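Only one structure is covered here, and it is reproduced in the block below.
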Amino acid sequence: MKIAVLGAAGGIGQALALLLKLDLPANSILSLYDLAPVTPGVAKDLSHIPTSVKVEGFAGTDPTAAIEGADVILISAGVARKPGMDRSDLFNINAGIIKNLVAKVAEVAPEACIGIITNPVNTTVAIAAEVLKAAGVYNKNKLFGITTLDVIRAEEFVAELKGLPSEDVRVNVIGGHSGTTILPVLSQIQGVSFTDQEVIDLTSRIQNAGTEVVEAKAGGGSATLSMACAASRFAIQLVHALSGKQGIIQNAYVDGGNPASPFFTQPLLLGKNGIDKVLPYGELSSFEETKKEEMLSVLHADIEMGIDFVSKTLAAEVS
């Protein structure tokens with residue numbers, strides 16, 4: 001199995017590459033790509049770690065060598081948030097990066113599963129889908145917005161509040177991957193109860209956790225390490241599912257036929273071809289149902305922004 005990381009020299013990319021080198025199944029190939037000339041050196045550094053995962057690194061403007069034959073392609077390339085920015089502020093730069101990289105994936109590795117990490121995920125996944133459609137290779141079962149960071153934050157914050165081991169807490173997080181579109185379904189957590197105020201405070205903290213990190217780093221970066229952990233967790237499970245392991249369920253932001261929104265984060269049963277089945281996200285409390293309805297206009301606008309971007313740029317290229 002070959003796994004490619006595009007944006008591998010960045011804060012998320014390097015940490016993600018390390019985790020994948022440690023945790024991918026034996027004899028996997030880990031292929032790293034970035035514009036930065038340091039990328040082959042990152043691969044060389046990782047290659048000294050004693051695991052049976054082969055690492056290769058590529059730098060420059062053409063990612064072809066990195067993605068040829070890849071089964072899974074993880075895209076973290078782009079600029080990171082700085083204080084005062086939200087994920088939508090990243091759009092103008094990151095939209096073009098995603099469009100160009102996904103266009104190359106469509107050309108070189110059209111059968112690969114693609115995991116989008118680059119923010120704003122609500123929009124960049126829609127961009128990726130439109131690019132793949134334009135190339136005639138779109139498979140909705142193989143395109144994922146990686147939102148696992150919202151899940152691991154929710155699980156950690158609940159465990160912290162209730163004095164529980166983090167590994168014993170499971171939280172279903174639905175919706176999108178920014179601000180109010182992130183909806184932790186706290187009412188479904190087994191064996192844990194919350195006051196109304198705890199639900200309000202926890203929901204807000206989970207939704208704004210990215211800002212919490214950006215501000216704490218005081219201009220020195222965003223949530224690179226926890227995002228790398230989350231992306232690795234998702235990618236490893238996806239690799240296991242592609243290899244035939246059954247019963248693997250992960251949440252991700254996908255084109256899953258949800259009547260609420262063209263793209264929506266919800267539980268997925270993964271299989272040998274990507275998404276095997278989109279699972280229902282279950283019953284919501286009245287608070288959660290209200291929050292879901294309130295988020296939809298934001299989510300729809302984020303998606304339309306991505307669709308419009310691709311439509312306009314493709315039209316400009318033709319003219």
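Just so you know, glycine gets a Cβ as well, placed from its N, Cα and C.
Of the residues MET227, MET295, MET305, Swiss-Prot puts just one in the NAD(+) site with GLY7, ALA8, ALA9, GLY10, GLY11, ILE12, GLY13, ASP34, ASN94, ILE117, THR118, ASN119: MET227. For the binding site of NAD(+), formed by GLY7, ALA8, ALA9, GLY10, GLY11, ILE12, GLY13, ASP34, ASN94, ILE117, THR118, ASN119, MET227 according to the record, the largest Cα to Cα distance is 18 Å, rounded to a whole number. If you draw a 10 Å sphere around the CB of ARG153 (substrate binding site), it holds 24 other CB atoms from the protein chains shown. The Cβ of THR118 (NAD(+) binding site) lies under 8 Å from the Cβ of GLY7, ILE75, SER76, ALA77, GLY78, ASN94, ILE97, ILE98, THR124, each of these being in the same chain and 6 or more residues away along the sequence. In sequence order, ILE12, LEU16, SER76, ILE117, LEU149 make up the list of same-chain residues 6 or more apart from MET227 (NAD(+) binding site) whose Cβ falls under 8 Å from its Cβ.
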